[in-house]
């Protein structure tokens, strides 16, 4: 589970769990100066993982460097790696560092060896690329090019492992690679090209706890069960004794698994007796630890219990009972909730709803705080019951359902949902998370069988095709970065899949930001006649791309392979794109211009503009907005007509201020 960013540093600083934060070059997104030296210390508790994700990365070749150390200073060793890509893999010169032969080494040796290509496929390649910091693998291949030692052979990954060494393979040794050596071409979202001299760095640092050493077993849902743990150096699971085990300990367990806290402790092997070792006893947590292994306890396998005293917990799942619908991004929309005993979604009335209530909503959804409340069905009218009215939160509650209100379904609001409330949550650093959905079995990345997984499990499963239509498919494709869906493929068109059938009877409106926000009966609740032969699949439109504003013009970057095409010349400060018309809009030198994405039809739509900080399109209203260095926010029609200034008040613009986020509903 990752947690959105809740703190921001300047040029250097401290980043700590559980929040993390962004690492940005000085004056980002502008150019940084000479002789800048910034250092960040990332401090995490035992059992944590640090993920570094580059939104943009560009340094001046041979002069500027970003170095990551295993420690707090330059005296510490650089991050050690047991996997690398080497050149001369396939009989031609590789195009970049992401396209080479795979080599690995043992923990206790610096001697590198190859990986045999037999049985090596895209799932194995995905694991390799993620270990090296890339998003995924585009291709895999085998070649006779290579010599010497080969450490690994017959690798068989599921594709979701965090390390190649966690996959099934023939064992460490000196293998003879009959079918050649394995190689990969990794796809990447970050660009490190001297030809794109926009000269800045923005890296999102996400600190998230590793759930792979703790699990709940034997419950009726994924949020409850017998607590089982394992040591770092063993895959053998064992139990926790219930001696002294209380709600503080249970809270820590639940937070490790992605839940806000615990609701119950269940002792005396309530969820059944475990097997294997009893690893922990006399656990004493304060309740604010980020890992159970950071709490005081007797020591591994030191106990005076038997399995009749296995501890269990029930974790709170309120975050699965609230969602935002109808916004232009995952951080905004109409507030919808559901009772604990129902999967029918309803709305919240805006009477008495203020920023304190919105703060609680946003924190439940993982955002640091709330930015704005929108009354009067700003994000559109909902359907179903109006569940809550006159909420009275003080802003510190962990759940909206802890706040005072009139009672479920007790209200005097518009029965036509004209009083539905919406919120916009702050997102200091938003990184695309596709870790719970994927397409499998297609001939390219944009098509395949839909596979999903719960937030607290690494086991992938399928989606049944009952009721699955283009609206559902659109949501799937948008989650994966594609504009929309072009085809629904049912009856296991891309193969039957395996594992659980997690979702059935999906009913999306098409504007949801996540498939998990759509209506469905619940996890693993499906018709008895639904089988893997009814696995749903999709084909998404186009390939995702980025438009990058640089000192040298606009570049289109293909997400799949990082290839670049120059779309316009001249210095560009800000760019936005209208997918309906295929037009780019940008601010250059004192002018706002537009052109088709192929560069044709270029025209100036607004002239003599103070230096714009940010330009954004309002697709619903047909407008273009921009902020400038003078502190003005202005708007015009997309053809440049009806220019007007919305504010002439001098704004205090610091850091990333001056950026615009538009709510597209009303234009």
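In case you wondered, yes, glycine gets a Cβ from its N, Cα and C as well.
Curation does not apply to TrEMBL; its annotations are automatic.
In the structure as shown, the Cβ atom of residue 38 (disulfide bond) sits within 10 Å of 16 other Cβ atoms. Annotated disulfide bond per TrEMBL: 11-38 (among others), in sequence order.
Per TrEMBL, the feature disulfide bond maps to 157-167 (among others). A C-beta separation below 8 Å, combined with a sequence spacing of at least six in one chain, links residue 157 (disulfide bond) to 123, 124, 126, 127, 164, 167, 168.
Annotation source TrEMBL lists disulfide bond at 241-305 (among others). For residue 305 (disulfide bond), the same-chain residues 6+ apart in sequence whose C-beta sits under 8 angstroms from its C-beta are 241, 242, 243, 278, 281.
What TrEMBL records for 254-315 (among others) is disulfide bond. The Cβ of residue 315 (disulfide bond) lies under 8 Å from the Cβ of 216, 223, 224, 250, 253, 254, 257, 259, 261, 262, 263, each on the same chain and at least six residues away in sequence.
For residue 295 (disulfide bond), the same-chain residues that are 6 or more apart in sequence and have a Cβ closer than 8 Å to its Cβ are 249, 252, 283, 284, 285, 286, 289. According to TrEMBL, the feature disulfide bond maps to 285-295 (among others).
Neighbour list (residue 349 (disulfide bond), Cβ cut-off 8 Å, at least 6 residues apart, same chain): 386, 388, 389, 390, 411, 413, 419, 420, 421. Residue 349 (disulfide bond) falls within a strand when secondary structure is assigned with DSSP. Taken from TrEMBL, the feature disulfide bond covers 349-413 (among others).
Positions annotated as disulfide bond by TrEMBL: 393-403 (among others). Classification of residue 393 (disulfide bond) by DSSP places it in coil, neither helical nor stranded. Taking Cβ-Cβ distances under 8 Å and a sequence separation of 6 or more, the neighbours of residue 393 (disulfide bond) in its chain are 356, 357, 359, 360, 400, 402, 403, 404.
According to TrEMBL, the disulfide bond annotation covers 508-518 (among others). Using a 10 Å Cβ-Cβ cutoff, residue 518 (disulfide bond) registers 20 neighbours.
Residues annotated as domain 'CUB' in TrEMBL: 11-83.
Residues or ranges marked as domain 'SRCR' by TrEMBL: 83-187 (among others).
Annotated domain 'SRCR' per TrEMBL: 214-316 (among others), in sequence order.
What TrEMBL lists as domain 'SRCR' is 322-426 (among others). In the predicted structure, the domain 'SRCR' (322-426) carries a mean pLDDT of 85.
Annotation comment: TrEMBL describes 437-541 (among others) as domain 'SRCR'.
Taking H, G and I as helix, E and B as strand and the rest as coil, DSSP gives the domain 'SRCR' (322-426) the counts 13 helix, 30 strand, 62 coil.
The Cβ of residue 254 (disulfide bond) has 25 other Cβ atoms within 10 Å, all protein chains considered. Under the three-state DSSP scheme, residue 508 (disulfide bond) falls in the coil class. In the three-state DSSP assignment, the secondary structure recorded for residue 315 (disulfide bond) is strand. For the domain 'SRCR' (437-541), the DSSP-based tally of helix, strand and coil residues reads 16 helix, 30 strand, 59 coil. All chains included, 18 other C-beta atoms sit within 10 angstroms of the C-beta of residue 403 (disulfide bond). Straight-line distance linking the Cα atoms of residue 518 (disulfide bond) and residue 38 (disulfide bond), rounded to a whole number, equals 43 Å. For the disulfide-bonded residues 167, 241, 285, 508, the greatest number of Cβ atoms within 10 Å around a candidate Cβ is found at 241.
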